[in-house]
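Engineer: Before anything else, here's the structure in question.
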Amino acid sequence: MLRWYVHQFGQKLVRRRPLEPLKESESRGATLNTLNLVILGVGKIMRAAIYILIGKMVKYVTGPAIIICFLVAALFSLLSGFCHAKLWARVPRSGSAYLYSYVTMGQMYAFFTGWNLILSLVLGTAILASAWSYIFDSLIGNHISQALQGTFSLYMPQFLAKYPDFLALALVLLFMGLQMLGAHDSALFNKVFTGINILVQSFIILSGFIKGDLHNWQLTEQDYTLNTSESRGTSRLGPLGSGGFVPFGFDGVLHGAALCFYAFVGFDAIVARGEEALNPQRSIPLGITFSIFICFFAYFGVSASLTLILPYYQIQLDNPLSQTFLHGGWISARYVLSVGIICAITYRLHSAMFPMYQVIYAMAEDGLLFRGLAQVCAHTGIPIMAIMSSGNLAGVMALLFELSDLVDFLSVVTLLAYTLVAFSVLVLRYQPHLKEKTGEEIEMEPEAEGNPLDSVPEAGTSNILESLWFPPSTIPTQKSGQIVCGCAFLLVLLLTILSLIMAQWPSQVFSGDPMITTVAVLLLLLITGVTAIIWRQPQDPSHLYFKAPALPVLPLVSILVNIYSMMRMTTGTWALLGIWMGIGFVIYFGYGIRHSLKENNELQPPASTSQT
């Protein structure tokens, strides 16, 4: 009996959600071409909040080398974009990574993908509200922040913001109220405000060519010592770095690249609308590629202009772009720029709140979250509880946390989400094909009949090593799928250890320290060997709209980069993530696993204790 209950518990963890064929009434039809997807992607990716965050990054982390950080982040975001496209190709439906994970990977994997996705969307909303508050306050002379800081700074714990941002909270609550009244997102507004955002950035870039000085990329220690002789922190290797184009060294570039991943969040909106694409196998990868690189060139130009107009150590942390124009004597341009940025952030905040409550509603409707969150208003059909829970959480985060801390938190959450998607792509290509079943749970397709290789027993008479290198079947089987799953989990563990070593002791690894270098080389050899075993396993030959290239290398490179970037984050960020994931574990094992998909009748325990 105990064995039966353990088996049933394991079955619940990997139970997949049924994927029923689309009804004609549910199909939106194919209406989006590649250009439409690019506009959609740029509108979702391009983040006006970067105008504020760039100040702290340039001054204390990267210097002018921030343009390299954006390039690195863009290239590896592109890898994650291809992984998202591949996951959608397995489940060609409009939806989020939560839905795709539930259909392909199982219940527990889907819960933590969705739980992580909720946090990333909530943080994105909180960041936008905080950025709006920062810019508006700067525009009116910082009167709000000075009053609040003078009143509350003595009562705020060190790990929270210097003062509670009531303006950001009010902004989130305002848009939450609009959603509860039935406000909707609009493709026209997306195009209009994306255009405003691009115009603002074009103005900044042109200003950099006019007002910029290339010498600001060639500063020496003597330059900033003379200019900041009365301030602190100007000694070599101090807070302001050591001068030059890369004042904080290679380590600063890597840290900056990890933080810059935030700037490219949003390309999954293209994947979510893939069902409406006219030519998805071409439009989705092209839409992701062009969207990411258009945003990269925008970020590249803005950050280059900023560091050319002013030396990096003189850039202000709060609203650095408008302060830079003020320093340059363009007072009117400062106000026009601030108003344009506020308009862009206002729309982004409005549109960012829709997917936030939609994920909560979907998970509650599936029973993985409290079903009360799926309640809808009888008159409007709007999920009131999902909107209120997500909006209140975003408002509290915007109220209590510093903007830079929210970005650090979102960066690690985003990287974790990218890792989960890449892992799914790595595993799924080597699994038996998933097919749609009406009224039944998704299950693996049986192997094709008539293939003589399929009659070979899974265990066989050959030894284990031979079966790993020479699989007995040319198409994926349950055994080969299990081998890939086991190897993939082992690879994640090995890559995590390697990333930890490279992040904590980078100089010892590259300088040839005997112990550290030996461990790193052994890990690389193990990673190569396990990857080769996965490569030898048969892949699913079924036709898909899009297949990620260079498997299993591409998802593994994406996982390595994501994990390494996560290792660059601070201890406080990891502590917050641990608290959030701990809450998720309690909810899932205390509630979700017992209430999910309750309409599926559970099997009754057998009369005897034997279970085959």
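Glycine too: its Cβ is placed from the backbone N, Cα and C atoms.
Remember, TrEMBL labels are computer predictions, not curated facts.
According to TrEMBL, the record shows the following:
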TRANSMEM  35-54  transmembrane segment
TRANSMEM  60-88  transmembrane segment
TRANSMEM  109-135  transmembrane segment
TRANSMEM  188-210  transmembrane segment
TRANSMEM  252-272  transmembrane segment
TRANSMEM  284-313  transmembrane segment
TRANSMEM  325-347  transmembrane segment
TRANSMEM  368-389  transmembrane segment
TRANSMEM  409-428  transmembrane segment
TRANSMEM  515-535  transmembrane segment
TRANSMEM  544-567  transmembrane segment
DOMAIN    546-596  domain 'Cationic amino acid transporter C-terminal'
TRANSMEM  573-591  transmembrane segment
Engineer: Under a Cβ pair cut-off of under 8 Å, which of the recorded stretches 35-54, 60-88, 409-428, 573-591 contacts the transmembrane segment (109-135) most often?
Structural biologist: 409-428
Engineer: How about the transmembrane segment (60-88) and the transmembrane segment (368-389): do they have 3 or more C-beta pairs under 8 A, pairs 6 or more apart in sequence?
Structural biologist: no
Engineer: If you count Cβ pairs under 8 Å, which stretch among 35-54, 188-210, 368-389, 409-428 touches the transmembrane segment (284-313) the most?
Structural biologist: 35-54
Engineer: Which stretch, 35-54, 188-210, 368-389, 515-535, tops the Cβ pairs under 8 Å count with the transmembrane segment (252-272)?
Structural biologist: 35-54
Engineer: Counting only residues 6+ away from its ends, which parts of the chain sit with a Cβ under 8 Å from the transmembrane segment (368-389)?
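Structural biologist: Same-chain contacts beyond the flanks: 107, 110-111, 114, 176, 179-180, 182, 353, 357-358, 360-361, 587-588, 591-592, 595-596.
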Engineer: Which numbers of helix, strand and coil residues does DSSP report for the domain 'Cationic amino acid transporter C-terminal' (546-596)?
Structural biologist: 40 helix, 0 strand, 11 coil
Engineer: Looking only at the domain 'Cationic amino acid transporter C-terminal' (546-596), what is the model's average confidence as pLDDT?
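Structural biologist: A mean pLDDT of 86 is what the model gives the domain 'Cationic amino acid transporter C-terminal' (546-596).
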